[in-house]
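**Q** Sharing a structure here in structure tokens format.
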Amino acid sequence: MSQAPGAQSSPPCVYHERQRLELCAVHALNNVLQQPHFSQEAADEICKRLAPDSRLNPHRSLLGTGNYDVNVIMAALQGLGLAAVWWDRRRPLAQLALPQVLGLILNLPSPVSLGLLSLPLRRRHWVALRQVGGIYYNLDSKLRVPEALGDEDGVRAFLAAALAQGLCEVLLVVTTEVEEKGCWLRMD
């Protein structure tokens, strides 16, 4: 069905989970997948598989509120036939072959506060970036709504700013075929 001349297409439907407890890893996974695939229970099961004989599981919060580590994210993606590839921050972002990447998951420092009082502590926070309908979005679960980043230049600018602040890690979410071929990296 074609649109009438001058008609604007409706914006794409972007799946976006909001922050609950310390479940940012679960939210980042679901946001990058654009569907509610993982739950806290599923992430806890992955933790048990990763450390079956451990009394205190090193892959999640002792309080049972989440705060999952990168191993949980990587195992969750592997279970879906996907892979997480660490982005080497020394590489120029121009070498990132974004059309080969399903999405990105960033691990960023996050300030800790009690009400209006900011504490001198730093926690880590998982954030998803994903292209939907030709537009890249910041799907941070702490945002009220997804933030449009624009095209490839927009997402590269966002990544450059995040990496420039230091202590930022970037995971590329790709198919296992893309991982094996290494075609997430442009060599030109």
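Every residue gets a Cβ built from N, Cα and C, even glycine.
A TrEMBL annotation is a machine prediction, not a hand-curated record.
Just lifted these from TrEMBL, have a look:
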DOMAIN    11-188  domain 'Josephin'
ACT_SITE  Cys24  active site
ACT_SITE  His125  active site
ACT_SITE  Asp140  active site
**Q** Over the domain 'Josephin' (11-188), what is the model's average pLDDT?
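**A** The average pLDDT of the model in the domain 'Josephin' (11-188) works out to 88.
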**Q** Is it possible to get the count of other C-beta atoms within 10 angstroms of the C-beta of Asp140 (active site)?
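**A** So the number of other Cβ atoms within 10 Å of Asp140 (active site) is 24.
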**Q** Quick one: pull the CA-CA distance for His125 (active site) versus Cys24 (active site), whole Å only.
**A** 6
**Q** Report, in whole Å, the straight Cα-to-Cα distance of Cys24 (active site) from Asp140 (active site).
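**A** With the alpha carbons as reference points, the distance is 8 Å.
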**Q** Whose Cβ, among the active-site residues Cys24, His125, has more other Cβ atoms within 10 Å than any of the rest?
**A** Cys24
